[in-house]
Amino acid sequence: MYEHCVYKIILILLTVAVYIVMVAFNAGAGSGLMKDIFIQTVGNISSKYRTDFTPSGWTFMIWNVIYAWQFLWLGYVLSGIFRRSELGWMYLKPNVFPTSFYIVWILNNILNIGWLLLWDREFLIPALVFLSVIAFTNYIVLFISHRALYLYEEWLYRQRRKDLWLIRIFAQNGIAVYATWTTIASLLNFSVVLTYNGNIPNDTSTTVCLSILAFEVVLWFCLENFVFDKYVRYTLTVYPVIIVALSGALDKHFTAAAPDRNNIYIAVLLSVACALFVVRLVLVIWRHFKQPIYTRASNKTSLPLA
């Protein structure tokens, strides 16, 4: 009952190691310390390929939040190697972090390093492809995480409620921050490609990307509240990331004396994102007390066989 799984431990350690390497590469690419690998800094290239959607420099400090947050859930996973429940070692049972979760996450980190190299060499279209796949693999990781947690959520609610909240806060909300930001970064890269490879006017490419973002925001609001509520109810970090990104874009480009079309578009979209975030918080709080996913009255505490 309390036997370790060597391959799973190796996979967890490999996940942590690859993540540390990825963070080191990002730090080197951003600071210019890895001159033998990177020709330019990420910031210099972003300044070279500006669009009306490019946010102020302070906005990109969110990467520090993203990377720190991922270390939280990685630390939680590592702690499971040394903690036991009634079922066994926590990294194994309940299996809320299945093998597929780690494999896709490792792939995501490798793609992240690949994007840095492509962006550094100014291969704009391949960089866009890589960044889009990074965002997509984040969606897959979130899907795996939410599905796996849902299978064992009621048992955790009964027996290990602190662990349930740590998984929700550290893993699911942390990865959601990363997924949201890479989605926005993909749209930024797309606007760069449209402008500098497709010779589309800067204002037009920005409008296109803002429209895609607006569609995604509204779509996600509908899905999370009315379709996937039982899975993603407590994932709340999507809107703060959008608000930070749009605030940075507004800060950099807004001209109060003569706002252009995209200035107004960004301001409206920012207002909508703020409003949706407030509505989301109200809905989650109301449902938490009035429509709980699990209640004390239920006697079901068994685990799924899968």
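Cβ atoms here come from the backbone N, Cα and C positions, even for glycine.
Just so you know, TrEMBL annotations are computer predictions that nobody has curated.
The transmembrane segment annotation in TrEMBL covers 5-25 (among others). If you look at the transmembrane segment (5-25), the same-chain residues 6 or more away from its ends with a CB under 8 A from one of its CBs are 34, 37, 67, 70-71, 74, 77-78, 81, 89, 91-92, 99, 102-103, 105-106, 109-110, 112-113, 116.
Per TrEMBL, transmembrane segment is recorded for 58-78 (among others).
What TrEMBL lists as transmembrane segment is 99-118 (among others).
The transmembrane segment annotation in TrEMBL covers 124-144 (among others).
With a threshold of 8 Å between CB atoms, the same-chain residues lying at least 6 positions outside the transmembrane segment (165-184) that come near it are 62-63, 65-66, 69-70, 72-73, 76, 96-97, 131, 134-135, 138-139, 141-142, 145-146, 149, 156, 213, 216, 232, 234-238, 240-242, 245. Taken from TrEMBL, the feature transmembrane segment applies to 165-184 (among others).
Summarising the annotation, TrEMBL assigns transmembrane segment to 204-222 (among others).
Here TrEMBL flags 231-250 (among others) as transmembrane segment. If you look at the transmembrane segment (231-250), the same-chain residues 6 or more away from its ends with a CB under 8 A from one of its CBs are 52-56, 58-59, 62, 142, 146-147, 150, 168, 172-174, 176-177, 180-181, 184, 213, 217, 220, 224, 263, 266-267, 269-270, 273-274, 276-277, 280-281, 284, 287-288, 293.
Taken from TrEMBL, the feature transmembrane segment covers 262-286 (among others). Listed as Cβ neighbours of the transmembrane segment (262-286) (distance under 8 Å, sequence separation of 6 or more from its ends, same chain) are residues 52-53, 203, 206-207, 210, 213-214, 217, 221, 224-225, 233-234, 236, 239-240, 242-243, 246-247, 249-250, 253-255.
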Take the transmembrane segment (124-144) and find every residue of the same chain, 6 or more past its ends, with a Cβ under 8 Å from one of its Cβ atoms. 49, 98, 100-101, 104-105, 107-108, 111-112, 114-115, 118, 172, 175-176, 178-179, 182-183, 185-186, 189-190, 192-193, 196-197, 235
